[in-house]
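> The structure follows.
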Amino acid sequence: MAAIRKKLVIVGDGACGKTCLLIVFSKDQFPEVYVPTVFENYVADIEVDSKQVELALWDTAGQEDYDRLRPLSYPDTDVILMCFSIDSPDSLENIPEKWTPEVKHFCPNVPIILVGNKKDLRNDEHTRRELQKMKQEPVKPEEGRDMANRINAFGYLECSAKTKEGVREVFEMATRAALQAKKRGKKNACALL
């Protein structure tokens, strides 16, 4: 039986861990050096609920320089991974300020999974010290859940690409969301306006 094809687009602030999450999931290796993304595509096979799904993973650049290029990724998207970094409260703030309006404009009705990346840094001493200098602290799980409710996300998950904790669960939830969206009719596909 042929695999069902679904398209996943990942968005979020620059350096919040999007590319690492995709690479760890699709290639099972953690990239040690940071290279800002312009436009990358990966394909990964995943099985959920005894369905074979071929997931086209579309990486995007979070930097503002790419705000005009990013919408080229959106047409025909089945599910969005909207990411922030647990060690960056500012990246969580950009979820309702920047990412939700952009995604809901180009992809109305496409399910959104809110993902807290870099979970391993929540209890990291160096991270905590650096954030304290700015009178901040790592994002708490309940803050992520509250944000997911606020933006009407399909779900909220936390993961660490570095330790691989929670990575598979993110893509399983995303695949389930994409499969469910199909049942509501193909009218949900993203439009390029």
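A Cβ is built for glycine as well, from the same backbone N, Cα and C atoms used for every other residue.
Straight from Swiss-Prot, here's the annotation block:
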- 12-19, 30-37, 59-63, 117-120, 160-162: GTP binding site (BINDING)
- Tyr34: (Microbial infection) O-linked (GlcNAc) tyrosine (CARBOHYD)
- Cys190: cysteine methyl ester (MOD_RES)
- Cys190: S-geranylgeranyl cysteine (LIPID)
> Taking the Cβ of Phe30 (GTP binding site) as reference, which residues of that chain separated by at least 6 in sequence fall under 8 Å from it?
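Cys20, Ile23, Val24, Ala161, Lys162, Lys164 - these are the non-local Cβ neighbours of Phe30 (GTP binding site), listed in sequence order.
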> Using a 10 Å radius around its CB, how many other CB atoms surround Asp120 (GTP binding site)?
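Counting Cβ neighbours of Asp120 (GTP binding site) within 10 Å gives 17.
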> What is the Cβ neighbour count of Asp59 (GTP binding site) at a 10 Å cut-off, with all protein chains included?
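Looking across every protein chain shown, the total is 20.
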> If you skip the near sequence neighbours and keep only those at least six away, which residues in the chain come within under 8 angstroms of Tyr34 (GTP binding site), Cβ to Cβ?
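In sequence order, Ala15 meet the Cβ cut-off.
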> With an 8 Å cut-off on Cβ-Cβ distance and a minimum sequence separation of at least 6, pull the same-chain contacts of Gln63 (GTP binding site), or say none.
Gly14, Pro36
> Sort out the sequence-distant neighbours of Gly12 (GTP binding site) for me: same chain, 6+ apart, CB within less than 8 Å of its CB, listed by position.
Lys18, Gly62, Leu81, Met82, Cys83, Phe84, Ser85, Ser91, Asn94, Ile95, Trp99, Val115, Asn117
